[in-house]
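**Student:** Let me give you the structure first, and then I'll get to my questions.
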Amino acid sequence: MSIPKFSLLLFFFFVTSLFYSPSLAEIRSSEVRSDDRPIIPFDEFGFTHRGRLELNVSKISLGVPSNPSSLDLSKVGFFLCTRDTWMHVLEQIEDAEITCAIQSDIVKLVYTFDKLHDNSSFDTLFVETDSDQYSLVFANCCPQLKVSMTVRSAMYNLDAKSGNRDYLSAGKAILPRIYFVFSLVYFCLCIFWTFLLFKKRLTIHAIHFFMLAVIILKALNLLCEAEDKSYIKRTGSAHGWDVLFYIFSFLKGIMLFTLIVLIGTGWSFLKPYLQDKEKKVLMIVIPLQVIANIAQVVIDEDGPYGDEWVTWKQVFLLVDVICCCAVLFPIVWSIKNLREAAKSDGKAAVNLMKLTLFRQYYVVVICYIYFTRVVVYALETITSYRYLWTSVVAGEVATLAFYLFTGFKFRPEVHNPYFMIDDEEEEAASEALKFGDEFEL
């Protein structure tokens, strides 16, 4: 394998893993079986000046190539490096200064396999005093050498005062408190919304109870995530809270997208039924959300070392984009139908108010999707690793603002223009909706 091709292959594996890798860490066990990849990325972690890496590798088995005399195990092992360091390593390989990343003097060498001495396992403690965000990487610069092993890694920072271990990456150590505060905010919203539904019980619709369910699931989801991160921070393990988090995240995701679709169709206040094309949207969104949540579990639990990790990440991003686009169709159809109704039934003033509301909601949904999918990721990318919590806060604030806007605009209120529908208007709206049936999804 030529040096330029080898370096490009290294660059592909490493940059891809960094582009998608989470900055949370915990005590993680990974199994590598007959793998000949030149670079296998494991976890990424933000160290302070009191950082530690505990690495335990067992059941090591080397598939020796056809020419064992050329086997140099000093080119096989683990190292730590930052993103900037990796770019310099690539330059060294391109300039033929080195033939393997592990030979570079600018990476943090953790362990090389030439120290095994016929052993099949090793334990090492690496002390990191330079604060930065590092990736734990396994390098195999011996062509055709297949490696099998079980890797147990634990990266953490020591508290300067108490000396306790913190298994959350620097910059995300305060996430448990952030999630807990937002969960309290949503529980307060649940109480307020329940009080509002009781007070306005004569004007409520089925969609308002659906909104309450979404808020409750969001609050429970944040509470479980706060406990999940809290246990990881203190012990390195979620102690089962991750299971509850995945359950509530799954339910919340499905309910939120379904709610946006139902509001966009005007279900329960414009009409008590769904058209066939609107049912098709739900039939697309709900299964895709199931796939997205399965992909999220694989991404979180498997880690970037897996062969299919990047594929699952791409599946998750693709499915999420499709869902975000699909929920916009019902809103567009409702805008079209209200525009047609305003021309036909002579009640342009009321329909114009509804049309304006739908247009506002359409814009807000697009802004919410764009901000939480693009801006938050960009913020996480450009922000220093010490302030990665800011991207989480930005995403949660945007989500809270979207929930508040939806609740305020579609609250149970007699004078809400969205609910001002008399019998004649309802009949005209129904005719307009039937007219829209010819435009299938």
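Glycine is treated like the rest: Cβ placed from N, Cα and C.
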**Student:** Among 70-90, 385-405, indicate the range for which TrEMBL gives the feature transmembrane segment.
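**Tutor:** That would be 385-405, per the transmembrane segment entry in TrEMBL.
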**Student:** Against which stretches of its own chain does the transmembrane segment (243-269) lie, if we need a Cβ under 8 Å and a gap of at least six residues from its ends?
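**Tutor:** Non-local partners: 205-207, 210-211, 213-214, 217-218, 220-221, 224-225, 227-228, 275, 278, 281-282, 285-286, 289-290, 292-293, 296-297, 323, 326-331, 333-334, 358, 361, 365, 406, 410, 418-419, 421.
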**Student:** Please spell out the DSSP helix, strand and coil residue counts for the domain 'CAND6/7 N-terminal' (31-157).
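**Tutor:** Result for the domain 'CAND6/7 N-terminal' (31-157), in helix, strand, coil order: 24 helix, 66 strand, 37 coil.
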**Student:** Six or more residues beyond either end and a Cβ under 8 Å away: which residues meet both conditions relative to the transmembrane segment (361-379)?
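**Tutor:** That would be 260, 263-264, 320-321, 324, 327-328, 331-332, 335, 390-391, 394-395, 398-399, 401-402, 405-406, 409.
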**Student:** For the transmembrane segment (311-333), find every same-chain residue at least 6 residues outside the stretch whose CB is under 8 Å from a CB in it, and list them.
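**Tutor:** Residues packing against the transmembrane segment (311-333) from afar: 20, 257, 260-261, 264-265, 277-278, 281, 284-285, 288-289, 291-292, 295-296, 298-299, 302, 358, 361-362, 365-366, 369, 373, 436, 439, 441.
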**Student:** What residues in the same chain, six or more past the boundaries of the transmembrane segment (385-405), come closer than 8 Å to it by Cβ-Cβ distance?
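**Tutor:** For the transmembrane segment (385-405), the sequence-distant neighbours (Cβ-Cβ under 8 Å, at least 6 residues beyond its ends) are 23, 46, 132-133, 169-172, 174-175, 178-179, 182, 185-186, 189, 214-215, 218, 222, 364-365, 368, 371-372, 375-377, 379.
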